[in-house]
Amino acid sequence: MDEEAGRLRNMYREKKFSALLLLRLAFQSLGVVYGDLGTSPLYVFYNTFPRGINDSEDVIGALSLIIYSLTLIPLLKYVFIVCKANDNGQGGTFALYSLLCRHANVRTIPNQHRTDEELTTYSRSTFNEQSFAAKTKRWLERYAFRRNALLILVLVGTCMLIGDGILTPAISVLSASGGIKVNHPKLSSDVVIVVAVVILVGLFSMQHYGTDKVSWLFAPIVLLWFLLIGGIGVFNIWKYDTGVLKAFSPVHIYRYFRRGGRDSWTSLGGIMLSITGTEALFADLGHFPVSAVQIAFTVVVFPCLLLAYSGQAAYLMQNKEHVVDAFYRSIPDRIYWPVFIVATAAAVVASQATITATFSIIKQALALGCFPRVKVVHTSKKFLGQIYIPDINWILMILCICVTAGFKNQSQIGNAYGTAVVIVMLVTTLLMILIMLLVWRCHWILVLLFTGLSLVVECTYFSAVLFKIGQGGWVPLVIAAAFLVIMYVWHYGTLKRYEFEMHSKVSMAWIVGLGPSLGLVRVPGIGLVYTELARGVPRIFSHFITNLPAIHSVVVFVCVKYLPVYTVPEEERFLVKRIGPKNFHMFRCVARYGYKDLHKKDEDFEKKLFDSLFLFVRLETMMEGCSDSDDYSLYGPQTERSREALLNDNVNTASSLADPTISSIDSIVQIKSPSHANFTSRSSDRTSSQAEVDQTEFLNNCRDAGVVHIMGNTVVRARRDSRFYKKIAVDYIYAFLRKICRENSVIFNVPHESLLNVGQIFYV
């Protein structure tokens, strides 16, 4: 009995600890996930009634719309449905796209291989070929234009989120700074703009420090902000008009539209600002578990927002003329300045979260070949997702200042903001339809129900936003169009370059025909030939040996490949194989990364590559001593003995990559998934050991002689008979982007003294 009681007490402690940990994570999520959504009360009512309030009943109708918008979109759709469609905890449009890429062959760059599916992070589900999911998969894969349309849809959502990263700091900081003018009405509006610009410059200038050093302040600030706006809301409801609570009846929505007609319809563009930040909620999901985000929203965010909007509505029922600055006017005088300080701090936190999310999105686009190579700085040793992109940071700052100083008021910025948000929501809904069909395999009735409810609400808002395109709504469209052109042209050039490499790769028959010396002088050293191909010998190699009379004693083809997974574990990163007979001394090494992984300068890429290469050679030599070729073929798993040898030598594990086109002369060793094996005799062990020493010594000597990094400098040109828009895209836009983006040698931190560029031109 005592033992049973002790066991129950331990279980209770574990559950209690888990609950406390979950509550702590929910508290921390407030500062990262909900900053943008929480600052919406600063500007919603002003953007809803930019021309003033004619009837007090309109305030009730607007409040009812806000209540049900918060309930349907953030609460039901995002927090309880969309957040579950995460990619191993990662959120955002690219996370949804990566899920779809794993469940259907929709990637436009065909560099997938069957060994990629063996990754521990490559989770996917299988389904019956006769199921509706299988039919949807085949429909999506049938034509290339459908895959391109899906990619463009994801890019549109991404570009709108980038626009969100520009507009959120502008409207949040400008709205918070507007509080200065409430107590000092004689101040010029230009003073408010100058204060907002100064705050924005300071905000963007601090980005290189990273959020890790100041993030411990975010959650307390946002929690204090929610408690303040909730408390002020309760005070205003009690003081001014408790009748606003009747807005919880949806009947007032119908009356609002019947009474106002087109004006009520167009006011939806302002009401929709009450749910801005919802798209950032999903994009920032990777920092916290879904349950913590759900607890924070249902316990703190949702009730405090409802009270805040209800309190402002109660104040406006008796002070309709104060709609321009309803939030600050409704604050009790005794706590005005403390609330102003907290509001400014909350606006900065909301802006910070959106800027960080923008960096993460661009990093994901870069990993999938949809954005030019830019410098990515890792700002935290503890959190992988906290990055800083200097070029993008300064572009965001300039555009944000231009928007703030150009519009000079919240109304037009609010119109622009609403346009960006509603398009992102529509993109998410369309992607969720495919997720529910292919990944979740939901019944078509559930899919239809989700799609119908989501599209009815979001298309209604979208139709209202269309009326305000001429009043500022054009801004995110222009910004998104510019980024979309950049991203799609870069992806098009990347795809064409890969297709050229695939079609012009060298056949293994030609390599074998050259003989062990490849028909050239083999000089001491190791040549690392970088290529985008995971299979075959790249054309750059034949181009090199055709023009130079010598090649290194050991040649390693290095392919860096990004997969549609959020991360690739270090022990599964490198795939090593041999190309051709042993006396050729040619290898291939494929380095695999996820869209969250980062090339850091302190990461010794070359050292890890050689560790994997040496490990492959040793395992290959060990497995040649196996007596039973059926059980221990070079395509099988490693032996228990070889695993013990690896543990003794403290070498990182690696995997191998099979190439069906040259499998007859490739030696493949699967280094993962150990199994038992028996060797024939001690003599074979000695022979294997001696061969291993010889191979390892040879590689060491070549490494000591010097390592040369051979990279291709491919120039893409449009054919003379190409259409004019293709010439503009390839010869000017793509060429310009290639010129200003970072070189691969910089990304891999290759020293200039050991770098050799091989140029080639091809026409598309």
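Heads up, the Cβ atoms here are built off N, Cα and C, so glycines get one too.
Quick look at what TrEMBL annotates:
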type	residues	note
DOMAIN	25-511	domain 'K+ potassium transporter integral membrane'
TRANSMEM	59-80	transmembrane segment
TRANSMEM	148-167	transmembrane segment
TRANSMEM	187-204	transmembrane segment
TRANSMEM	216-238	transmembrane segment
TRANSMEM	295-315	transmembrane segment
TRANSMEM	335-362	transmembrane segment
TRANSMEM	383-407	transmembrane segment
TRANSMEM	419-439	transmembrane segment
TRANSMEM	446-467	transmembrane segment
TRANSMEM	473-495	transmembrane segment
TRANSMEM	507-530	transmembrane segment
DOMAIN	524-761	domain 'K+ potassium transporter C-terminal'
TRANSMEM	550-568	transmembrane segment
*Quickly jot the same-chain residues contacting the transmembrane segment (335-362) by Cβ under 8 Å, restricted to those at least six beyond its ends, or write none.*
31-33, 35-36, 38-39, 42, 92-94, 158, 161-162, 164-165, 168-169, 172-173, 175-177, 179-180, 182-183, 199-200, 203-204, 207, 211, 218, 221-222, 224-225, 228, 232, 277, 280, 283-284, 286, 327-328, 371, 374, 385-389, 392-393, 396
_If we skip the immediate neighbours and take only residues 6+ beyond the ends of the transmembrane segment (473-495), which ones have a Cβ under 8 Å from one of its Cβ atoms?_
108-109, 151-152, 155-156, 158-160, 162-164, 166-167, 269, 365, 369-372, 399, 403, 415-420, 423, 465-466, 716, 729-730, 733-734, 737-738
_For the transmembrane segment (419-439), distant same-chain residues with Cβ under 8 A (at least six beyond the ends)_ = 73, 81-82, 85, 93, 96-97, 99-100, 103-104, 125, 132-133, 136-137, 140, 150, 153-154, 156-157, 160-161, 163-164, 167, 272-273, 275-276, 278-279, 282, 446-447, 450-451, 454-455, 458-459, 461-462, 465, 468-469, 473, 475-477, 480
*asked:* Tell me if the transmembrane segment (187-204) touches the transmembrane segment (295-315). I count contact as 3 or more CB pairs below 8 A, with pairs 6 or more residues apart.
replied: no
*Any contact, the transmembrane segment (187-204) to the transmembrane segment (383-407), with at least 3 Cβ pairs under 8 A*: yes
*Taking every residue in the domain 'K+ potassium transporter C-terminal' (524-761), what is their average pLDDT?*
68
